[in-house]
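As written in Swiss-Prot, here are the features:
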ACT_SITE  H158  active site, proton donor/acceptor
ACT_SITE  K162  active site, proton donor
BINDING   G9, C10, A11, G12, K13, M14, D35, G102, T103, T104, A128, P129, N130, F131  NAD(+) binding site
BINDING   H159, G168, T169  (S)-2,3,4,5-tetrahydrodipicolinate binding site
Amino acid sequence: MAIPVVVVGCAGKMGREVVKAVHAAPDMAVVGAVDRSHIDEDAGELAGIGPIDVLVTDNLEITCAMVAQERAPGVMVDFTHPRGIYDRVRSAIAYGVRPVVGTTGLPPEHIEELAEFADKASTGCIVAPNFAIGMILLQQACLRAAEYFDHVEIIELHHNRKADAPSGTALATAQMIATTGKTFNVPEVSESELVAGARGGMTPGDIRIHSLRLPGLLAHQAVIFGGLGQSYTLRHDTTDRAAYMPGVLLAIRKVLGLKSLVYGLEKII
């Protein structure tokens, strides 16, 4: 039986990719499409795949209630703005619909509260700052490199319509490196910034992140390690949003077997 999937933000760039990917998956079906715009338009037409007989609505509650009547457990995929995501996830869980969230910029306290809510409801939920498999492999390689290098900085580059900085992926990468427990980037000179912020933002793990926002970019990240007489650069480039879809489809399948919130795609690979 096909997994019923609701796509929130279906009119956005990521939402349209999700509609296409889910519709093409043999074990899934788009049964709901939610957005603030393009009401009553066919979600398939918006995604460029032709009509799929699913009309866009702005009412998530009614959509989740409808999905709850399906014989198979439903999943909500949300790649929208962080504003309101907390309430949307709670609404989905209340109806037994499993959320898969790719929205970045969620405050840690909201993630903790959602984890408690999912635990009490014994309902699976996946929140991930990045769904690109290549990025997950990069982060895992960073842990290995961090064993041998004492200096590291992160440069993340995104399109100029990305609202949050640094990216959730860059923050997650810094946090992952910091779990090694090492002290990184001990200064060897007394630094002074001639322009405020020139050295980037410092994370709690003493790892600097530099954020670039430019037209012509999509999503890119470089993690640069430095040591005596050498540097080591790990880089991942996303040139098309289709890169996220294998991870999204994996999360949709995996969330059905969970009873709590999982943060990070690396936890289910």
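Placement of Cβ uses the backbone N, Cα and C atoms for every residue, glycine included.
Compute the center of the Cβ atoms of H159, G168, T169, which mark the site for (S)-2,3,4,5-tetrahydrodipicolinate; besides them, the chain residues with Cβ within 8 Å of that center are T104, P129, N130, E156, H158, K162, D164, S167, A170, A219. Ranking the binding-site residues G9, A11, D35, T103, A128 by the distance of their Cα atoms from the Cα of H159 ((S)-2,3,4,5-tetrahydrodipicolinate binding site) places T103 first.
G9 (NAD(+) binding site) and K162 (active site, proton donor) have their C-alpha atoms 15 Å apart, to the nearest angstrom. The local packing around A11 (NAD(+) binding site), expressed as other Cβ atoms within 10 Å of its Cβ over all shown chains, amounts to 20. Using a 10 Å Cα-Cα cut-off around A128 (NAD(+) binding site), the recorded positions H158, K162, G168, T169 reduce to G168, T169. The CA atom of the residue listed as 'active site, proton donor/acceptor' is located 11 Å away from the CA atom of T169 ((S)-2,3,4,5-tetrahydrodipicolinate binding site). Cα to Cα, T169 ((S)-2,3,4,5-tetrahydrodipicolinate binding site) and N130 (NAD(+) binding site) are separated by 6 Å. Under DSSP, G9 (NAD(+) binding site) is assigned to coil, being neither helix nor strand in the three-state scheme.
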